[in-house]
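Student: Attaching a single structure in structure tokens format; questions to follow.
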Amino acid sequence: MENLVLQALSGLASASSLFLVASGLTVIFGVSRVVNFAHGSLYMLGAYLAYSLVTTLPRGHLGFWGGVIGAAVLVGLIGLVVEVLLLRRIYRAPELFQLLATFGVVLIVQDLAQMIWGPQDLLGPRAPGLRGSIEIVGMRFPLYELFLIGVGPVVLGLLVLLFHRTRWGTLVRAATQDREMVGALGVNQRMLFTSVFFLGSLLAGLGGALQLPRESVNLHMDLAIITEAFVVVVVGGLGSLTGAALAALLIGELHAFGILIVPKITLVLVFLVMALVLVVRPHGLLGKPEAAARGGQGSAEPVIGPAPPALRWLGLATLAVAVVLPPFLGDYAVSVLTELAIAVLFAASLHLIMGPGGMASFGNAAYFGIGAYGAALAAQWLGAPMLAGLALAPLAAGVFGLLFGYFCVRLSGVYAAMLTLAFAQIAWSVAFQWVEVTGGDNGILGVWPSAWAAPKLVYYYLALALCLGATLFLRRVVHAPFGYALRAQRDSALRAEAIGIDAFRIRWLGFGLAAAAAGVAGGLFAYGKGSVFPTYMGIPRSVDALLMVLLGGVQTLSGPIVGALAFTGLQEQLVRITDLWRLILGCIIVLLVLFFPQGLAGAARARWEARHGDA
Amino acid sequence: MLSVSGLSAYYGRAHILDDVALDVGPGEVVVLLGRNGAGKSTTMKAIMGLVPPAAGRVRFDGAEIAGREPFEIARRGLGYVPEERRIFTGLSVLENLEVGRRPPTAGLRPWTPERLFALFPSLGAMQDRPGGRMSGGEQQMLTIARTLMGNPKLILLDEPSEGLAPVVVERMAEAIRALKAEGLSILLSEQNLHFAQAVSDRATIIEKGRIRWSGSIADLLAADEVREQYLSV
Ligand SMILES: Nc1ncnc2c1ncn2[C@@H]1O[C@H](COP(=O)(O)OP(=O)(O)OP(=O)(O)O)[C@@H](O)[C@H]1O
Ligand SMILES: [Mg+2]
């Protein structure tokens, strides 16, 4: 019993910290509609800066609390600079492009933090005056945790006052609903957005700084918190402060008690909850439909036409090189090429959902991983030969794609994307924790190709043929009636319904098809590597796919191909030549977003059209 | 006061406005008439900078405003009342007015919530009601009141009579005449000729994004063939 009380209290403390970060994220999203991946980085910077300030300033109350507040303000200013230099320029860009830009910032901050503070974990001092513990129901409870429990409600109260009792707050709430109208009434949206970013970033920094006495400061804090913060924001309803508070409470307590009841489930618990909430309430607990928010006038997406002849020749030339060159290369280079071919198909599968389908997926790696595991499990437990495994991969991925997609495609925008992420995390945790079957973290080893395909070169040609075939098939699909229906529902679900297209069915099938294609890629990857691991389904791999598609350009069919080649090639090269590959990659991404908002292939097409007049 | 010439605008690649010209003098009410899809709303949005004008000049109160941002244009004293009303549904009536509030303009009596409630009495009875729980007519009054809080010298009033009951339209006409009496200039867009003639001094007819006719209300009432060609449905 006593234990439960303490557990509930520590759940409250986590909820409080989580709320600080999530409130900043939700406020920023509400006004600017930017899905700010870099919010976790700001949190991490808050912790690092607090460490530096608190350890440099004289010890005592002033030094500690001054350091914490100072760190929060500094992070607010950093957020302000990011907004002015980067985000302000891309508010009119598609939502996902902004996400890409903020992801570039994540990479940059990771390397900068490592350069400044080093790779080792840093342990900050305890908070003066709150070092001890007090007795609650006969057990000891740390004072600092008690203090944190108080911080959340106080911050919530202050924010509510700010938003409901000041002119600034009224303007922000109005802009959350219709920022263009607010501008037409004479309000300088830029100043408003910048100030909102300052506030949101400050809250993230404060959340990070307050962790100092609680846990060590390290380079993984950013991604660890950002997923949780997103879950809280989405479960609460995007843009809703009270929703975020409720969701933080829910997630905090679930964490605390989940550990007691089913220790194994903690990794996935939050995602299970998110999936459940979104299935029942498509806009989170207290969210409003996204469509209500208006921005600038969105222009219609360009029509995808068949490839112009020049592009076709370029493609054929690339293909010729891909066929002719490998026999003259070493095994390592051939493996890299195999991975490139697989990356192309992986990106093309995501592109089908994002481009023609008009939905973002943050969890495409799930289907890649399910394909890989399908093949590996069949080999391990049934002794299936390679070809059977490769056939099973898309089947397994397709079935799960249809299953998960059934729920995901009903939602829209960020909610849909977050639900795909939730399912991917659930799949990941099954692979990670069902040790008896999947080998858990150790993965499944010895998934080798059949003897005839064992030479790297032969396997490369097999992979090339399958990936190329599947990618061309996806291209074909986009130009088939199914593809037109898919795009029709993207452009206007209502109008599509009016001409007899069942939007749900089309999206659902598209999702399943994309999953099956990702499964092919996953199966090939498994046999190529000879092993599978839970990381195949991890968030980083899903993010890779997103980066490839966005870099290439969402609205061109060659986009995913260009993007996959550019991204995989770039990363491969950067990792080899420098330790700072994240910094460089991040800068490249940011510059690309700023100067080629249509992606690489999109930019190439725009130039081509400008030169030749549009066909 | 407001003088537009050669204005052209696009939505994406669709050419919507072509060489639009019109004038509104100080204290004058000019109505822009045209059928559905003629380009009335687009003209207003282009003047306001909400749709960037591709070509043309927009002079307002002695300064060129084409190409400026909407908030700058609003700060110069141009008010915009959108056709869709675009009330902030989560904000109360008073808060909606607060969003529109701007400093007083020299030469015009500053608007306050109290004065606006005198103009639109039904709003005064629901000051704390969220905008989302108001009738269409009440929202129409609120959207006008919200723009007036910015103390504009001229307002662009996009189809204020649309979807309103005849009694409410009548009250709207009274309100517009009261605003004119205050010295406010108004560019009105309408399909309802009856309403338009009751409040306007001059009319301009737009069809397929081009100006087809301009003249006084009296001339328009005399010109049967013009009304027949451009306004009858
Ligand atoms: N956001 C948009 N994107 C593309 N085309 C548009 C858009 N808004 C309007 N149009 C087109 O521009 C043309 C002019 O529209 P506009 O709204 O200016 O007409 P209107 O005269 O205000 O009509 P109504 O009386 O129905 O309000 C129409 O053909 C319309 O289809
Ligand atoms: Mg209109």
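Backbone N, Cα and C atoms are what each Cβ position is placed from, and that goes for glycine too.
Given the structure is predicted, the values throughout are model-derived calculations rather than measurements.
Residues or ranges marked as transmembrane segment in TrEMBL: A:41-58, A:99-117, A:143-163, A:191-212, A:224-250, A:257-280, A:332-353, A:365-382, A:388-407, A:414-435, A:458-478, A:547-568 (among others).
Map these features onto the structure and tell me what's around them.
Tutor: Within the chain, the transmembrane segment (A:143-163) has long-range Cβ neighbours (under 8 A, six or more residues past its boundaries) at 9-10, 12-13, 15-17, 19-20, 23, 27, 126-127, 130-134, 169-170, 172-173, 203, 206, 210, 213-214, 241-242, 245, 248.
Long-range contacts of the transmembrane segment (A:191-212) within the same chain: residues 17-18, 20-21, 23-25, 27-28, 31-32, 36, 39-40, 42-51, 54, 67-69, 71-80, 82-84, 87-88, 91, 124-125, 127, 148, 151, 155, 168, 171-172, 175, 182, 221, 225, each at least 6 residues beyond the stretch ends and with a Cβ under 8 Å from a Cβ of the stretch.
Counting residues 6+ beyond its ends, the transmembrane segment (A:224-250) has Cβ neighbours under 8 Å at 12, 15-16, 18-19, 21-23, 25-27, 29-30, 37, 39-41, 43-44, 106, 152, 156, 159-160, 163, 176, 207-208, 270-271, 273-274, 277-278, 283-288, 290, 414-415, 418, 421-422, 425, 539 in the same chain.
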Student: Could you tell me what the rest of the chain brings near the transmembrane segment (A:458-478), counting residues at least six beyond its ends with Cβ under 8 Å?
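Tutor: Residues 304, 319, 322-323, 326, 334-335, 337-338, 341-342, 344-345, 348-349, 351-352, 355-356, 390, 449, 452, 486-487, 513-514, 517, 520-521, 524, 527-528, 557, 561 contact the transmembrane segment (A:458-478) from elsewhere in the chain.
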Student: By a Cβ-Cβ criterion of under 8 Å, what residues six or more beyond either terminus of the transmembrane segment (A:257-280) are in contact with it?
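Tutor: For the transmembrane segment (A:257-280), the far contacts come to 3-4, 7-8, 11, 228, 231, 234-235, 250-251, 407, 411, 415, 418-419, 421-423, 425-426, 428-430, 432-433.
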Student: Considering only Cβ pairs within less than 8 angstroms, which of the stretches A:332-353, A:365-382, A:388-407, A:414-435 has the most against the transmembrane segment (A:547-568)?
Tutor: A:332-353
Student: If you count Cβ pairs under 8 Å, which stretch among A:332-353, A:365-382, A:388-407 touches the transmembrane segment (A:414-435) the most?
Tutor: A:365-382
